[in-house]
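Step one of this worksheet: look at the structure below.
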Amino acid sequence: MGSTAAASASALPASAGAGENLVLILDFGSQYTHLITRRVRQLGVLSLCVSGTAPLASLAGLRPCAIVLSGGPHSVHATGAPSFPQGFLDFAADAGAHVLGVCYGMQLLVQSLGGAVEAGDKQEYGKMEVEVTAQSSALYGEGETGKRQTVWMSHGDEVVRLPVGFDVVARSVQGAVAAIENREKRFYGLQYHPEVTHSPQGMETLRHFLFDVCGIKADWKMQDVLDEEIRTIQSMVGPDEHVICALSGGVDSTVAATLVHKAIGDRLHCVFVDNGLLRYKERERVVSTFESDLHLPVTCVDASEQFLTKLKGVKDPEMKRKIIGREFIVVFDNFAHKLEQKIGKRPAYLVQGTLYPDVIESCPPPGSGRTHSHTIKSHHNVGGLPKDMKLKLIEPLKLLFKDEVSIGIYLHHMSPFFLCGLIY
C-alpha cells in the first residue's frame, strides 16, 4: 500500500468497469498531481493516479479512455529521470486512449517519440500568457486563433523540435511551445498546468479535452461508489467472520466504520486507542458520541504508556509516524486475540479510514529505486504498517479524497452537525 503502483484493475470499484470512462493519471512527481486527479473527478469522471514508472503489468485489465502524464521536478535529460515503462505507448494505442502530457509529461512524450527537448533560453515560471496559433485544434477548438489566456508555467526545459506528425497549436508570448497535438495518434501536450487556479481557463480546457476530444461520459457518482464498496465488503467478509475497525474519532474512520457496519452489522467491533497524545477529554467525548449518536459499540483501549515509551526520545517526525503505525497494529492484534477468546473466532480483517492522498503521499522520494513521487509524509495507516501484520485490510475509502468522503456523510444520512464535532 505504500506505492501508487499498487493501484490496478483489482483496486478499482466494479462500477468503474475496470476502465470504462476511466482516466489514468501517471504521476511523475509533480506537486500538482493530486490536483489533476481531483479536477477530473470534479468533472464527473473517475480518475486514478498511479506511479508513472510502475510496471506495465500493474495496468493489466484497464482500458482507460484517457491518460494524463503529470508534470514533475525533473529534466528529461537528468540521469535517472522517470519515464513511463517500456511498452506503454503500445498499451495506450491498444486501449484507444488519448494521451495528454502536462509540463514534464509533454516533454517526456516529445522525447520518447523522437522530438527534441533542450534547456530554454528564457525559463518560464509563474503566470504567463499563451496564444493559440493554429487555425484549428483539438485542444482549443475552432475559431480560437490569436486568442490569449493566462496560464501557470513551471519549466526550465522546452520543446525545440516536434516528433513527426505533431503540430504546435499554442505558444507563450516569449515564443516557447505551449501546446502540441497529433490528432491521428491521439497525442496531446500542454507545457503549462491547466489544473491550477492560476490557469483560469484550464478547467475549460480539461473539460473540452475529456468530453469533446476523448468522448468520455461524466458518470462518476459518489452514491454509486459507496454502494459498490458496501457490496465489495459483503463479498469479501464471510457470513460468520468478524471485523475490527480502527476508530480515530475523525471523519475518515467514522465514514469507513459506518459503511462497514451497513455491510456486516454487529460483526464489526470498533476500537478507539488512547495513545497518550489525545486532546483534553477527547477519549470520553468520542466514545460517548459514537455510542449515543451512531449506535456503534466502541471499546476503548488505554495504550498511552505503551506509545509514549516507544516515542520517548524520538525527534524525527517520519520515524514517529512509523512507530505510531506499528504500535497501533500491536494493539489491534492484542484486541483480536482477546476478542477471539470471547466470541470463539478470531477477527480476520482490520478496517481503516485510509484516503487516496494517504496512499500517494506515502510514496518514497526520487532516487530511492522504488518510485519517483515525493514523500510528503508517511501516513501511519500506510507507511507504518508492519510486513508481518496478521490482519487483512479493508479500506473502503482508499480511492477517495477528503471532500469526497465528506459528501459521503450526506449520502449516507450521517448528521453533518454531529460530524462537525469530530476530530479531523
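Using N, Cα and C of the backbone, Cβ positions are placed for all residues, glycine too.
Over in TrEMBL, the protein carries these features:
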| type | residues | note |
| --- | --- | --- |
| BINDING | Ser248, Gly249, Gly250, Val251, Asp252, Ser253, Thr254 | ATP binding site |
| DOMAIN | 220-421 | domain 'GMPS ATP-PPase' |
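Taking Cβ-Cβ distances under 8 Å and a sequence separation of 6 or more, the neighbours of Ser253 (ATP binding site) in its chain are Cys245, Ala246, Leu247, Val351, Gln352, Gly353.
For the binding-site residues shown (Ser248, Thr254), fewest C-beta neighbours within 10 angstroms: Ser248. Each residue in the domain 'GMPS ATP-PPase' (220-421) has a pLDDT score, and their mean in this model is 80. Cβ neighbour count for Asp252 (ATP binding site) (all protein chains, 10 Å cutoff from its Cβ): 21. Put plainly, the binding-site residues Gly249, Gly250 were compared by Cβ crowding within 10 Å, and the winner is Gly249. There are 22 other Cβ atoms within 10 Å of the Cβ belonging to Val251 (ATP binding site).
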